[in-house]
Structures are given as structure tokens and as C-alpha cells.
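Here Swiss-Prot flags 54-89 as region 'Disordered'. For 75-89, the entry in Swiss-Prot reads compositional bias 'Low complexity'. Summarising the annotation, Swiss-Prot assigns Fe cation binding site to Cys178, Cys242, Cys244.
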Amino acid sequence: MINTGRSRNSVLLAHRFLSTGGFWRGGTNGTMSRTINNVNPFKLKFIPKTVPAAADSVSPDSQRPGKKPFKFIVSNQSKSSKASKSPKWSSYAFPSRETIKSHEEAIKKQNKAIDEQIAAAVSKNDCSCTEPPKKRKRKLRPRKALITLSPKAIKHLRALLAQPEPKLIRVSARNRGCSGLTYDLQYITEPGKFDEVVEQDGVKIVIDSKALFSIIGSEMDWIDDKLASKFVFKNPNSKGTCGCGESFMV
């Protein structure tokens, strides 16, 4: 008995073999695998039916145990045909002449403004270099008096100067006494080379230059009582005196 179904399948396979231009070789379990020279004219895709339709549920084939419906989709698109598709060309338009011209004019204006700023800065620097530097005005501060005389001291000094042989009083400071310094008064006729002459109300007094830092700003007074007649000093620079008041320290 001749199996017509199997012979019909072999005829179909032979037609496909001739149409594709490939060759077939035997596979396992009576199947045949097809090999083509880098050409794949069709593909078989296996898609199982997850949810059966209403008509399939009624059919007797679906009710048989152990059998599941299959679905094959044949796609004739190959990799070479997909790769042969050319991509779309991107469109590009060149700028017009007016746009290019306006851009060049804007660049020229910008460069011109930069050149003007540089020239102005250079000219300003040149002018500042040529002008002589201005000298700062010196503020005049009142000079502190080296020594001041009380009215009694002025009266006594005038009496000394009214003598036939006028005498000047020279004030200095010597290292003496308990505290370190003591006032030293001398009668002189002429001031020394480095002495300072102070004049107040027409009365002159000479101060030793070495004693300036010790007695600057002091006030000179004259005391005449039953115990003594002498000149005394009120010195703001004094930090302390001895018990007898003869010496002081600064």
C-alpha cells in the first residue's frame, strides 16, 4: 500500500529545494535540515497559543489530551534585505549671503569696540605717568610746649634778668636721689650749642636737650615761704617721687 501523504510531502520539499537554490541534508528523526549559501529566504517562527479561542475550545482536536495547538508564521524578510534598506538623508540648508554678511559686520563692530577700549586704557596710563605725583598736604599740629612758667616764676625770673649782670636759668635732669632723677638748675650767661630756649611773656629759660624727654610738658613754679625759697616742677611724666620730694622717676 502506497502512502500518498508522505509522497506528497516529498514532492513539496523538492519544489522548495529547486525554488530556493540550496541543498538539503538529512537530519535526526527523519527530518531534513536546509542549508543555503548565506541566503535565508524564509524563517519559521513558533508562537504557542496561550489563550484558546471559543471555537477551538469546542473543536474535538482541542479536547484530546496531550495535544496543543501550534501556529507557524513564515517571514520572507532576510537579514540582507533589512540591511539593504538605506537610512533617510538629513536635510541641511546653507546660510544665506545676508546672514553671513550681518555676522561679519557684528564681528567687525565687536573688534572695533575692543580696540577703542584698549586705546583709551593706554592713553589714560600715559597721562597718569606724565603727571607729577601730588604731594600730600601736611597737617599742622600745635606743638606741645616744652615747659610752662607760672606767674610767680615769671616774676622771679624778671627780677633776675633786671640785675646789672643778667643771668639765665638752665634746667636739666641728673641721675641722683632715691628715685633716679633730680632737677638741676644753673645760672648761665649764654645757652649751649644743643640747648633749647623757651620764651614766655618776655622771659627766657634754657633747657638741656638731654632732659627734654624727662621734663617736657612740665610747669615751673616759684615757692617762697619761711622754710625755703625754690623753684618746683609739676611734671606729668613723673611716675613717682621719693619721700623728701627731691628725686623722681619717669
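Quick reminder: no glycine exception, Cβ is built from N, Cα and C everywhere.
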Secondary structure at Cys242 (Fe cation binding site), reduced by DSSP to three states: coil
Cβ neighbour count (within 10 Å, all chains shown) around Cys242 (Fe cation binding site): 14
Cys178 (Fe cation binding site), number of other Cβ atoms within 10 Å: 14
